[in-house]
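Sharing the features that Swiss-Prot gives for it:
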BINDING   Ser198, Thr199, Glu200, Leu201, Val202, Gly203, Lys204, Lys205  ATP binding site
CARBOHYD  Asn83  N-linked glycosylation site
CARBOHYD  Asn94  N-linked glycosylation site
REGION    1-23  region 'Disordered'
TOPO_DOM  1-32  topological domain 'Cytoplasmic'
TOPO_DOM  54-122  topological domain 'Extracellular'
TOPO_DOM  144-157  topological domain 'Cytoplasmic'
TOPO_DOM  198-210  topological domain 'Cytoplasmic'
TOPO_DOM  232-239  topological domain 'Extracellular'
TOPO_DOM  260-325  topological domain 'Cytoplasmic'
TOPO_DOM  347-355  topological domain 'Extracellular'
TOPO_DOM  377-383  topological domain 'Cytoplasmic'
TOPO_DOM  405-410  topological domain 'Extracellular'
TOPO_DOM  432-443  topological domain 'Cytoplasmic'
TOPO_DOM  465-470  topological domain 'Extracellular'
TOPO_DOM  492-518  topological domain 'Cytoplasmic'
TRANSMEM  33-53  transmembrane segment
TRANSMEM  123-143  transmembrane segment
TRANSMEM  158-178  transmembrane segment
TRANSMEM  181-197  transmembrane segment
TRANSMEM  211-231  transmembrane segment
TRANSMEM  240-259  transmembrane segment
TRANSMEM  326-346  transmembrane segment
TRANSMEM  356-376  transmembrane segment
TRANSMEM  384-404  transmembrane segment
TRANSMEM  411-431  transmembrane segment
TRANSMEM  444-464  transmembrane segment
TRANSMEM  471-491  transmembrane segment
Amino acid sequence: MADSTRPLLSDFNSSESNLPPPRSLEETIERCIGDFGWAQFLQAALVSFAWFFDAQQTFITVFTDSQPMWHCDNSDRVDSVCNTSSSNLCTLPNQTWSWDLNPHVSIISEWGLQCAGSFLKGFPASSFFLGCLIGGLALSTLADSSLGRKNMLLLSCLIMSLSSMLTAFSTSIWVYAFLRFLNGCGRATIGTCALVLSTELVGKKWRGQVGAMGFFCFTLGFLSLPMLGYINEGNSWRNLYVWTSIPTLIYCCLVRSFVRESPRWLIVKGRKEEAVSILQSIASNAITMSFTNLCFEVENDQSKSNPDVYDALKILVRKSWSFRRLLAAMVVGFGIGMVYYGMPLALTNLNFNLYLGVVFNALSEFPAFLITFFFIDKINRRDALIGFTALSGISSALIAVLGQQLGSLQIVLELVSFFSACTAFNMTLIYTIEMFPTCVRNSAISMVRQALVFGGVFSPVMVAAGRENQFWSYGLFGLIIGLCGLFVFGLPETRGSVLCDTMDEEEYKTLAKRQFIG
């Protein structure tokens with residue numbers, strides 16, 4: 001079976017006949033493109049920059065949906081019933097108070113939602129994450145089946161940018177929530193497509209570093225929002241959606257014109273001439289190999305003339321080993337996602353300055369990125385994930401044990417827990433890339449990313465319960481990520497492994513590894 005499924009390279013020029021034939025498509029591609037050159041770097045950087053816009057749309061509601069500050073009118077009067085520090089805004093007559101800034105700075109003040117229930121206030125944000133879940137399930141397999149990585153990335157960015165632009169013209173919270181849902185549907189596959197495409201354009205030596213570039217761009221996008229919010233202070237919240245949508249539209253044009261499709265995906269789909277052309281365009285200048293007679297032989301796992309868009313998911317579930325890997329990775333992702341999305345929300349439960357806490361949380365993503373970038377090729381994936389999930393869980397549980405008396409120590413533990421969750425978040429995505437072959441890789445990583453988002457869906461409820469007792473927020477955060485992290489023991493180690501392209505090739509590699517160990 002191994003001989004019939006492994007990719008082969010044939011018909012070398014006579015000048016290359018002294019070179020041993022590569023044993024896999026991975027070696028063939030690395031031999032073609034050579035060392036990591038400028039062409040590959042520019043391709044990876046352009047693709048990874050999609051994460052920048054992804055982060056902006058994920059966290060933009062921090063500013064657009066916030067509760068504005070207000071003040072009492074004529075509060076110096078003896079008979080005044082208004083007191084900013086002790087009065088409930090909803091019990092005061094409208095003529096006794098005013099917003100500090102223009103009512104159009106937030107959807108809360110513009111649409112008079114200050115006294116609405118927590119469900120209605122949070123409905124747009126919930127709609128966004130619901131869109132992420134549905135969009136991820138509905139669109140993720142298209143990158144493996146019919147559209148490919150590049151076209152799926154382009155479509156996702158286009159949907160996200162257009163829906164963001166339309167959001168600026170919302171006339172009610174219901175229209176606003178629907179457009180946020182549509183925005184989430186488009187945004188759902190951006191991170192996975194960008195990560196998979198950027199790593200498939202380079203060899204395994206630089207795979208981890210290139211994957212970490214996307215995480216760095218995501219952090220930059222997150223940090224760009226406070227700057228935009230400061231510039232827009234006192235003006236309409238609609239400006240933020242316009243300002244973030246226009247650059248995304250420009251980025252779509254750049255992707256359409258300059259980004260190359262994954263040569264791995266093209267080869268698996270039988271489009272070998274296009275793959276050779278792309279390999280030639282991104283090859284290092286030092287490579288002199290002739291591409292004219294380059295020939296790949298790859299068995300297509302989806303040998304159908306008209307493949308179903310959900311073929312990749314069917315293959316993942318049909319094979320017992322891939323289903324076990326996917327299930328374990330999703331459980332790990334669920335626990336990590338709950339802490340990653342829940343920790344910033346739970347800052348309001350700590351006895352610490354909220355603004356400084358948010359800034360520290362955002363900045364803690366930088367060391368998480370640096371560790372991923374510089375050490376991803378030096379550390380075992382399983383050991384690192386177990387260590388970071390355990391550290392995050394212990395730190396989070398200690399916050400609940402200490403209580404609110406030690407505010408400074410609590411924020412230190414919170415930052416340690418959030419930093420560990422960020423690092424585990426990054427490593428989980430790279431780990432998933434290495435565990436699954438090209439024919440199902442995008443679908444697998446999309447499912448794991450949906451598990452991360454699904455974990456975040458429960459975080460707001462736990463944070464609300466934790467206002468009375470921190471065990472229900474930080475205590476459960478620590479317990480869940482710690483238990484979910486144990487599922488890493490069911491996953492294979494992938495550091496330094498070759499990326500496979502078909503299910504049979506992955507099975508052969510796993511079998512050979514077991515026989516070697518045995």
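Quick reminder: no glycine exception, Cβ is built from N, Cα and C everywhere.
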How big is the Cα-to-Cα gap, in Å, between Val202 (ATP binding site) and Asn94 (N-linked glycosylation site)?
62
Around Glu200 (ATP binding site), how many other C-beta atoms are within 10 angstroms of its C-beta?
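Counting Cβ neighbours of Glu200 (ATP binding site) within 10 Å gives 24.
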Of the listed stretches 123-143, 158-178, 240-259, 444-464, which one has the most C-beta pairs under 8 A with the transmembrane segment (33-53)?
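Looking at each of 123-143, 158-178, 240-259, 444-464 in turn, the most contacts to the transmembrane segment (33-53) are made by 240-259.
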At the level of the C-alpha atoms, what whole-angstrom distance separates Asn94 (N-linked glycosylation site) and Ser198 (ATP binding site)?
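That comes out at 55 Å between the alpha carbons.
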Quick one: DSSP breakdown of the topological domain 'Cytoplasmic' (377-383) into helix, strand and coil?
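Helix, strand and coil residues of the topological domain 'Cytoplasmic' (377-383) number 3 helix, 0 strand, 4 coil.
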Within this structure, do the transmembrane segment (158-178) and the transmembrane segment (471-491) have 3 or more Cβ pairs under 8 angstroms, counting pairs 6 or more apart in sequence?
no
Rank the binding-site residues Leu201, Val202 by the number of other Cβ atoms within 10 Å of each Cβ and report the first-ranked residue.
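For the binding-site residues Leu201, Val202, the Cβ with the most other Cβ atoms within 10 Å is Leu201.
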Within the topological domain 'Extracellular' (465-470) only, compute the mean pLDDT.
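The average pLDDT of the model in the topological domain 'Extracellular' (465-470) works out to 73.
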Check Leu201 (ATP binding site) against DSSP and tell me helix, strand or coil, would you?
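Its secondary structure by DSSP: coil.
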Any contact between the transmembrane segment (240-259) and the transmembrane segment (158-178)? By contact I mean 3+ C-beta pairs closer than 8 Å, pairs at least 6 apart along the chain.
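These two segments touch.
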Please work out the helix, strand and coil residue numbers for the topological domain 'Cytoplasmic' (432-443) from the DSSP assignment.
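The composition, in the requested order, is 10 helix, 0 strand, 2 coil.
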Tally Cβ pairs under 8 Å between the transmembrane segment (411-431) and each listed stretch (123-143, 181-197, 211-231, 384-404), then give the stretch with the top tally.
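If we count Cβ pairs closer than 8 Å to the transmembrane segment (411-431), 384-404 scores highest.
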